[in-house]
């Protein structure tokens, strides 16, 4: 089965899935092609693919590939 | 006339005026509700956050997303940190993630040497500061209380230099006030005392030594009554700032009466 690694865990990969679709699936927020949430709020999330940051403006144009290592990070409590 | 304590005395960083010189971090709070109440009580306008994996549905809580929403709602500016990074390379990647996620080029640069002391690794810190400045970040450099290193960080382009009072989370206060005073006296960027603060008098002392602000988290979030402690720090920072500006009396070896000796009644 085709999989990707998402935040360290294996996840099935459906052909043609964009990074934008994955972020929506994980966060529950619909996104504009710019990567901004449709609800007008701020997403507060960054994505790295195979150790390189993918700017939100490129999420909708980025197709996931088999064995991709994706990290989705956000702000948590910290000094 | 009653003086409004914080009027016309904003802390200017990168062209942004912060009304409070107390920067309260979000680390160590047991609940988001408690954290929010403490942040509001502290009066802080800037708070630190760490960058960590988003909790994917069904694999833990989603506190991360909620924290950012909470800060946005309360109009508290976010300062992403690089906590947990041991090398300049890790710090750069974490800083880039923070900039992308939170849409700010401010970063609290923390490069620690080991988990036991959590003390900054000076060599990695210098390298990371230089790289981040070159990439357009406004670097808040968390550093040892070393006057030489502090000046070096400023020369490398750090927007703010943040010497520690004592190791992170110890609550030991300001272990080397002389060094802090020396750092402040030679700096031309804001100096914010970061780490080691235990109680209100530590924060007041930092301001009396001339620091431009104080950053703390555990001292509030791990106090028995965080809201009360946050309130105490809000007052302490204002008190210390006013005292630093007011010009204290010199210390003397012998007593000096404040009541006149002349004109005493004869008994």
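Yeah, the Cβs are placed from backbone N, Cα and C, and that goes for glycine too.
Keep in mind that what you see is a predicted model, and the values were worked out from it rather than measured.
The 1-deoxy-D-xylulose 5-phosphate site recorded in TrEMBL includes B:195, B:196, B:217, B:218, and the single candidate from B:157, B:169, B:247 that the record places there is B:169. Less than 8 angstroms from a Cβ of chain A: among the binding-site residues B:196, B:217, B:218, that describes B:217, B:218. Counting every protein chain shown, the Cβ of residue B:108 (active site, schiff-base intermediate with DXP) has 28 other Cβ atoms within 10 Å. A distance of 13 Å separates the Cα atom of residue B:195 (1-deoxy-D-xylulose 5-phosphate binding site) from that of residue B:108 (active site, schiff-base intermediate with DXP).
In the three-state DSSP classification, residue B:218 (1-deoxy-D-xylulose 5-phosphate binding site) falls within a helix. Classification of residue B:169 (1-deoxy-D-xylulose 5-phosphate binding site) by DSSP places it in coil, neither helical nor stranded. On its own chain, residue B:218 (1-deoxy-D-xylulose 5-phosphate binding site) has B:27, B:28, B:168, B:169, B:171 as residues at least 6 apart in sequence with a Cβ closer than 8 Å to its own Cβ. Residue B:217 (1-deoxy-D-xylulose 5-phosphate binding site) and residue B:108 (active site, schiff-base intermediate with DXP) are 14 Å apart (CA-CA, integer value).
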